[in-house]
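These come from TrEMBL:
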ACT_SITE  ASP177  active site, charge relay system
ACT_SITE  HIS248  active site, charge relay system
ACT_SITE  SER405  active site, charge relay system
DOMAIN    169-460  domain 'Peptidase S8/S53'
DOMAIN    880-948  domain 'Ig-like'
SIGNAL    1-19  signal peptide
Amino acid sequence: MRILSICLLCCTLAVLAQAQVKPVQQFSWPEGIRADDYIPGKALVKVRSEYKAVFQNPAGRMSLGGSIRPLVPPNAPIKNKRAHAQAFMPAVDIQQYFEITFDANRPVDEFINELYATGYIDVAEPVYRQKILDMPAGPFTPDDVERSAQYYLTNIRAYEAWGITQGSDDIIIAIVDSGVDTSHPDLAPKLYINEADPVDGVDNDHNGYIDDYRGWDFSGPVRISERDPGFIGDNDPTVPKAGVGFSHGTQVGGVAAAATNNAIGISGVGFNAKLLFTKHYADNQASTEKEYDTDTFQGIVYAARQGARIINCSWGSYARSQISQDLINYVTKDLGCLVVAAGGNRWEERFVYPASYDNVLSVAALRENNVIAYTYNKAIDLSAPGIAIRTTDFGGGYITIDGSSFSAPMTCGAAALVASIFPEYNGPQLGEQLRVTADRSLYTVGVNAEARYKNRLGMGSLDVYASLTRTSPSLRVLKYDLLDQEGNVAEPGDNARLYFDIANYLQSTSATLEITITTADASVNITRGKITPGVIIGGKTVRNNSTPFELTLNSNLAEGQSIDLLVTFSDGDYQDYQYISFVPNLPYRTMEENQIKTSIASAGRIGYADTGNSQGGIGFTYNGKSMLYEMGLILGSSAGDILNSVRGEGNNQYDQDFVSTSQIRKTVPGEDADAEINGSFSDTNVASEQHVRVSYRTQVWRGTPYDKFVVVEYTLTNAQATPMTDFYVGLFADWDVSPGGGQDAAGWDADARVGYVHPKASSSQPHAGIQVLNGTPNYYAIDNDPSLAGNPFGIYDGFTDAEKFTAISSDRTAAGATGAGADVSHVVSAGPYTLAQGESVKVAFALHGASNLTDLLASANAADELYNEVLQIPLPLVLPTEVCTGCNATLVATGGSDYNWYKDRYGGAPLATGPEFTMTSVQNDTIVYVSNVSGGHESLRIPVQIRVKGATSSEGELDRRVIVFPVPVVNGKLTVTVRDIDAREFSLTVLNAQGAEMTHIYLGSLHDQFSHTISTIGYPAGVYLVKLQLDNDVIVRRVVIR
């Protein structure tokens, strides 16, 4: 077992800081980010799960001088009674999230990329500085900003709502903002008091915040750049002065739940609800500043764990953060809170965060006459008044003010009233109740009716009375899959099927529910755009497996092109919509069928399509361990004739000499593998200018001993008029097997023709390797640091074409050989080749992951045998047979030399040998497997079906519910229908007479009725088997295709 400490992280960062590190580019600034958009000297990280316990160790954190701390103290109690209430969604492990403080003079992006280089970090990001949303002048600026009446209470029908309920002081609204004027007469009696932690200098409630009896000040007296890095705040959220930012929290809180019916001031929408404030402004900030001093998302987490039912966020930025999204998921999915956010204050269609995150109720602002005031977009959920809002102000006074900052707390107050009427609702359900009862007549008012605003202002305007008195379904698409006719991921040119997971958060639908999809994108032709799924019970999630949408994708879809679909739900008075987006032509496909998981890009890269940012793929993992930083193809015949897709001559530069020339596709199963990926690329799209054409095939197998590698096969064709001489084909890989990759070693085994990388500490630790399967092998191990004594070259300072040719054409059999190891790479190549004009050569590599060197060499031996022996053996031919119940079945194999018969596709001893196999007293439909044994080697096994007449499964009743038609198939379409189905695991497979899979579809759990039509166009005429697996039952039908 490897024992680690945070000291190692500290040391690793120190070492990396002193060296010119390899170009780690896992983080890059979002477009438009400026220096004042993030907090210097701060980073948020999500550590990999295997290192979580190490980072939680207090001794380890102390070794860094308090520079790293968890966002939530380990074992801190959760006061929120609705924790884990959201049944639709998975949990977020909040103990993987930490804040790191470092030298504020260091570039944040540089520090983050060094964090990534340690190997400990899953996600690292800056702490983006949230701001009070801009209030620019525009065509809808109100004429009179001194109006004092709370007109908005009439617009949202608050008076009528208060006649039904005035809420409850058990319901807490959190105002995560600049703090509050705690002495304001309309707010002081509304402050939430944490009776479990009185002011006595002791953390009585053990939540990590001493004496937080009325909220928390995350910023304190001085701004972040001036205070102790270990400072986590104090227990007084009181703001010390007035100002644009300082007054903001006080103003927001008054709209949400100022004291009401107290003969002074204003009325808060939430009436009796309590207010919990967090403060994110430092006392010494300038009164004109609009930027929050500390991370407001930590305030969200604090408030949620303290018991806030509803959390208001009247601030935002244009930077999207994955960690922030994770924290939103945590407080909504795990803690059952409702997060409400301001939609933005600029006259534009643009996403603002956190309002545009998933699981946030996003609120746009309206004028007094319900006309749009500011930002609009597809993520808005509803709209509420945001102009001339009368509310509380610093110093005990009142102010009339504009902005979606006040539309959001208005909605929070409404949510508090809804919570008192529907106490069983969790946060997301509260939000859905507000959303689906919004007044849809909003879209008939003035300019709102213009096409550009359609579905950009949410469901309608906030109607508090309706939210208390109306019930409705609320359908949301949570997950969707676009598959081709065979169940593979749909590709351009495919006739595709769209499957949804549809969650109903509120009341059950009727049987007349209709769901429709439409799109304005000409790249998609919807051929079946409406389904009627029947009743969807409230609180349940269903999937339209038996009634998928159908659409055709344009064959010319560009790589990375996003398609927007509008989903509409119609069920009597319930009318709803949702936008979903998908990218049907990703520049990569992923293999996940065995212990190796990796992505194959369409233009010569492996692991990641965008190597510079470690994006566009999943890298390369073995048994869940991430092992790869970069991998790609290098071709060439001299230093002046190199084509490649790996890092380039300059630091942080990457060569991309290849372009995709055909659609990358994944097929399950493959021609002779459990899955394969195919495509082609060249050095240009212009055929007359191409030098080399490359087609590729990647194959994977599930069973032992083939489950620790994938095979990548390249067929290269000389497209030039002149011969290609002394031509080499190689794969470059920068493996990071040890944490951060800084203590690895590279080696070569000539007998197995495999180059490998492993932690220098021991050859018994995990190994990654590349093996040459055919051709003359070459191996070059690289010490990445060019400053190491005796190093011919490194790649921290770039990887030149001359160095690349050296690497593919020369030999260096070890790197990281001294000391504790080093940061290493290697190139495994084959060649040289000479290709005449139009001549082709096939070069194959196996990519391995293994537990140790012995394991790696065994896997390499299996890959060599599979590729060079097993796959060359003809598969046997066996016709399926049909017998009566209890009769013997004899199978006869032909087309081979000798035969082994098995119970399973992989593993196990033969049931019998020889050309004939007899199974006695067959009671149920059965599948056995047979292989061809030739020259001491054995082919892959093919399935053979034994069908029992009149009883095709162990459950005769189940068999009667299966219909396969027409028989014979003469029109190119085979339909399989199963009635009254109830299965947790369901799959459908079509096999030819030789047992090769023609189609395989996995559909998970199914209920009620299933019907699926398979295109048999292109199937040779003959006998085929249709195999249905329903949990433990297998049904096999024989069909003839003509």
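For all residues, glycine too, the Cβ spot is worked out from N, Cα and C.
These numbers come from a predicted model, not from an experiment.
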How does the model score the domain 'Peptidase S8/S53' (169-460) in terms of mean pLDDT? 95
Residues satisfying Cβ distance under 8 Å from SER405 (active site, charge relay system), sequence separation of at least 6: ILE132, LEU133, HIS248, GLN251, VAL252, SER314, TRP315, ALA342, ASN345, GLY386
Which site among ASP177, HIS248 has the most other CB atoms no more than 10 Å from its CB, taking these as active-site residues? ASP177
Helix, strand, coil: count each for the residues of the domain 'Ig-like' (880-948), based on DSSP. 0 helix, 43 strand, 26 coil
Please report the three-state DSSP label of HIS248 (active site, charge relay system). helix
DSSP-derived structure type at SER405 (active site, charge relay system), helix or strand or else coil: helix
